[in-house]
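Below is one structure, written out as structure tokens; the observations come after it.
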Amino acid sequence: MFITLEGGEGVGKTTQQALLAERLQREGYACVSTREPGGTALGEALRELLLHGDPLTPLAELLLYAADRAEHVNKVIAPALAVGQVVICDRFTDSTLAYQGYGRGLNLEQIRQLNHLATGGLQPQLTLWLDLAPEVGLARSRLGDKLEQEHLEFHRRVYRGFQALAAAEPQRIVRIDAGGSPLEVAARIWSVVKPRLLAAVPRP
């Protein structure tokens, strides 16, 4: 089963990914935790460039994310899924649509086509959208990378993008209230993941 975590800056994706992986392992499931950008040697190099390097044009940024994704799917995600592991990925194609499409203003249909090319058509079975107002998420976040330093209106556009994506695919993208303590959010996530997991993956 392929699960992705999505959301704006400071929503707690990294924490929730770790808590979900721990829960899955306790329940006896083999799982792989990975992230975008990143997840491979090329991906980690691109991550440094994308998040901490000199400013890029929106198109160059988009193409680097696509290169990262193509390598990531081929070397990490698809092989893990092929042997029956649960894959939990911090960001995937929805982030590209939200950030480069809604945030940067690039053409959404062209981004979808590029995503399809990079992934070979692979889509998550479940996407957990951690929903938190941009103002709250930015106040929480301390990393200070290039995305977090964008102006508030950019993050509001990204947020509206995630809202639109969730509205368009309600069966795949499930809104999770990201307010409250990490354990409270983790409980909300597990209440969504557990029935989907039991339906998709045989009990170990």
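Start at 1 and count along the chain as shown; that gives each residue its number.
Yeah, the Cβs are placed from backbone N, Cα and C, and that goes for glycine too.
Here's what Swiss-Prot has on this protein:
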- G7, G8, E9, G10, V11, G12, K13, T14: ATP binding site (BINDING)
Residues that sit under 8 angstroms from G7 (ATP binding site) by C-beta distance, when 6+ apart in the chain: K13, W129, L130, D131, L132, G137, F162, A178
Cβ-Cβ neighbours of E9 (ATP binding site) (radius 10 Å): 21
Cβ-centroid neighbourhood (8 Å) of the ATP site, G7, G8, E9, G10, V11, G12, K13, T14 excluded: L130, L132, G137, R140, S141, A178
Assigned conformation of K13 (ATP binding site) - DSSP reduced to three states: helix
For G7 (ATP binding site), the three-state class that DSSP assigns: coil
Densest Cβ neighbourhood among G8, G10, G12 (binding-site residues), 10 Å radius: G8
Neighbouring C-beta atoms (10 Å sphere around the C-beta of T14 (ATP binding site)): 13
Tertiary neighbours of V11 (ATP binding site) (same chain, Cβ under 8 Å, six or more apart): L130, D131, L132, G137, R140, A178
